[in-house]
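Taken from TrEMBL, the feature Fe cation binding site applies to His190, His253, His324, His541.
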Amino acid sequence: YYKLVTNVIRKKCPLAMGLEGIAPLVRTVEEIPEPITTVIKGNIPSWINGSFLRNGPGRFEFGKDNFNHWFDGMALMHRFYIHDGEVTYSSRFLRSDSYVRNSEKDRIVVCEFGTMAMPDPCKNFFSRFLSRFKIPKATDNASVNFVKYKGDYYVSTETNYMRRVDPQSLETKEKVDWSEYIAVNSATAHPHYDREGASYNMGNSYGKGGFFYNIIRVPPPEKVEGEDKADFSGAQVLCSIPASDSRKPSYYHSFAMSENYVVFIEQPIKLDLLKFMLFRIQGKSFDKVMTWEPQYDTIFHVVHRHTGEQSKVKYSAPPMFTLHQINAYEDKGFLVMDMCCGDDGDVIGDFTLENLRRAPGEEMDKFYNSMCRNLPRRYVLPLTVTDDTPSDQNLVTLPFCQATAVKTGCGKVLCTHEELYDEELFQYGGLEFPQINYAHYNARPYRYYYACGFGHLFSDSLLKMDLETKKLKAWRHPGLFPSEPVFVPAPNATEEDDGVVMSVIITPRTEKSTFLLVLDAKTFTELGRAEVPVNIPFGTHGVFNEMH
């Protein structure tokens with residue numbers, strides 16, 4: 001099934017020909033701790049007041065040792081401070097234990113996602129041999145996102161470690177270990193926030209009872225002024241969901257949350273725990289223990305956000321993988337979930353630096369054309385399924401909806417998705433890195449979202465998607481590679497798309513030609529840009545930190 005779907009999508013997407021090289025977008029840069037001024041072209045609205053914070057890899061080697069995977073590069077934090085139509089830029093490497101130890105030894109001594117640290121050459125043969133049998137400590141190289149707990153900013157990856165940071169100076173503060181507060185040994189870099197200021201996340205745990213996916217809640221801030229330390233008091237596990245197969249739990253990067261429910265998506269990207277135990281002895285990196293296994297269905301685990309009670313209905317869908325959610329909301333007894341999906345989960349391991357540094361033209365085209373395209377989909381789960389619910393008929397009665405849900409047996413519902421796009425999207429290579437007007441429309445019915453189009457290995461366009469018409473607006477210029485778009489609502493906005501969309505634009509064509517782009521979210525046309533004479537590698541996620 002999934003091969004058929006993937007091939008259909010590949011045929012619809014135009015084949016790339018003559019793709020340019022992007023090696024300059026994955027090379028080490030210097031940090032700029034002191035803010036520098038930018039040159040403004042056009043107009044940056046004066047009502048924007050705050051910091052656009054971004055995260056991503058910024059150093060790809062130590063001494064003679066090179067990282068293998070794009071995810072492995074050392075976290076470099078960026079800050080565009082916007083005030084009265086002016087913009088300054090600064091950046092700092094996260095002083096993680098990984099960064100500090102690698103710097104001191106001038107070689108890679110901490111294992112990352114796709115790079116094994118080699119044993120210390122100064123040790124004798126016997127101790128080098130024994131070091132292979134130790135499970136390596138997780139990295140604290142938090143290069144994925146900026147997240148917020150109890151009013152404080154942290155940078156996060158997907159291990160049990162985060163780092164608190166100062167959002168003004170980008171100074172690294174203390175390391176936080178989730179497992180010291182609650183019984184989990186990892187957490188995602190994509191928490192959700194409710195309107196009361198509580199944060200929700202998901203993390204794994206494993207022990208004698210098996211492997212569990214845990215929903216975590218961190219309460220709203222109640223911090224005493226003047227206290228400058230990490231605060232996770234009151235953090236709790238709302239619900240522990242047992243893995244369908246304890247030996248092969250699923251990888252996940254995010255989860256969905258509506259007004260009353262958290263949905264964990266158990267997808268067929270599997271972590272082979274036996275391989276995980278062996279990988280250290282064999283000297284293999286973590287990306288080798290993840291496998292795409294489409295013989296498994298996708299399972300949606302629905303948990304009530306306020307009680308922690310898990311739905312007894314087993315919702316499933318054909319195999320797919322998702323990294324990023326768009327939005328989820330409840331409507332007339334249905335849970336509507338929108339997300340970016342692909343039909344070939346092998347893609348994550350492919351972002352090696354070797355692949356990203358391929359020669360332009362044929363070599364690059366061949367690699368890009370072999371990859372699946374991620375596309376926006378909607379799944380709709382009926383929330384009122386009982387023993388009396390009829391089988392073998394579509395239960396989705398929302399008038400605007402083409403997604404289906406069919407009861408296939410006692411307590412089982414099979415869902416098929418609706419495509420949230422028309423064929424024009426194929427010209428942009430599908431989309432990823434979706435963002436919405438989160439502050440006002442998360443967990444509520446909404447119309448618009450913003451994303452990156454992927455006509456290259458890295459995003460090469462910005463898109464505004466309209467869910468009512470399934471039409472898109474695009475910002476695309478040859479040789480320019482935008483970051484994830486972030487929406488900032490205008491003060492006293494009355495409509496969903498009143499505001500601006502920000503993105504950091506980089507190019508492999510000319511040195512030090514980076515700029516912060518500000519688009520009018522309604523028309524998706526450029527208002528202004530702030531040019532900064534620095535190189536910035538292609539990054540991951542970011543947030544806007546509004547200042548009052």
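Including glycine, each Cβ sits where the backbone N, Cα and C put it.
In the shown protein chains, 20 other C-beta atoms lie within 10 A of the C-beta of His190 (Fe cation binding site). Here the Cβ of His541 (Fe cation binding site) has 22 other Cβ atoms within 10 Å, regardless of which shown protein chain they belong to.
His253 (Fe cation binding site): 19 other CB atoms within 10 A of its CB, across all protein chains. Neighbours of the Fe cation site: apart from His190, His253, His324, His541, residues of the same chain with C-beta atoms within 8 angstroms of the site's C-beta centroid are Val144, Asn145, Thr188, Ala189, Ser254, Leu323, Gln325. Packing around His324 (Fe cation binding site) is summarised by its Cβ count: 20 other Cβ atoms lie within 10 angstroms of its Cβ, all protein chains included.
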